[in-house]
Amino acid sequence: MSGEIAMCEPEFGNDKAREPSVGGRWRVSWYERFVQPCLVELLGSALFIFIGCLSVIENGTDTGLLQPALAHGLALGLVIATLGNISGGHFNPAVSLAAMLIGGLNLVMLLPYWVSQLLGGMLGAALAKAVSPEERFWNASGAAFVTVQEQGQVAGALVAEIILTTLLALAVCMGAINEKTKGPLAPFSIGFAVTVDILAGGPVSGGCMNPARAFGPAVVANHWNFHWIYWLGPLLAGLLVGLLIRCFIGDGKTRLILKAR
């Protein structure tokens, strides 16, 4: 079973997994178009969140934020470089939202991507629990986000998550999707953005930037205190980045206003 699309039509996943067909059109198998990208998002999310959770659970007191910041950033850059050509390398519902808004992901794939990322988050967190000593796991609350302890911290944490995720989503959308600015260093830039964000924002909000990263450990450790912050903040940032690129900083093909005549 396969479908046919015009050569100029954007792909949902890997734009290289195509075969020439009759009349100058491309034939893409349903598996490569719909299923494979979702499997890759699940796999990449699981690997990234496993490494991230383990780095928090096994973090020593002498390393502070440096160990989780480097582990998250390097792991994300690695999985993007390895798997990004298949799915776009989002591994984050907020990034998928921003990518969809600027034309980097078809709308019909947004929900499947989200489901895949959340399942990957649960799998990665469960694997981190499986390989960790029980005492360390519970001392770290299963790598769930526990930075916000009281109502007075909520506003600062929410604003921090919006700003931190904006930087990350900009790194993805401008570095890997926008035609005028994308380049081969995108995986490095995206991973570096995560590292910088955690180092800077960790004491304020935990530096999540990713609902799947928050959701997986929350399920496994059953820790839901102030969990909504790590959904609302990143998703608002995804909307903001989509608006910025569509209206102001995107290339001529992406921008909806202020086009040259």
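Backbone N, Cα and C atoms are what each Cβ position is placed from, and that goes for glycine too.
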Membrane side check (same topological domain name in Swiss-Prot): Glu179 and Lys259?
yes
So which of Cys38, Cys53 shows up as cysteine persulfide in Swiss-Prot?
Cys53
Position flagged as N-linked glycosylation site [Swiss-Prot], chosen from Asn85, Asn139:
Asn139
State the count of C-beta atoms found within 10 angstroms of the C-beta of Asn59 (N-linked glycosylation site), not counting that atom itself.
18
The topological domain 'Extracellular' (58-84): DSSP-derived helix, strand, coil residue counts:
19 helix, 0 strand, 8 coil
Selected stretch (most C-beta pairs under 8 A with the transmembrane segment (157-177)) from 37-57, 85-105, 184-204, 229-249:
229-249
Do you know offhand how many angstrom separate Asn139 (N-linked glycosylation site) and Cys53 (cysteine persulfide) by C-alpha?
13
Treating G and I as helix alongside H, and B as strand alongside E, what does DSSP give for the topological domain 'Extracellular' (205-228) in helix, strand and coil?
12 helix, 0 strand, 12 coil
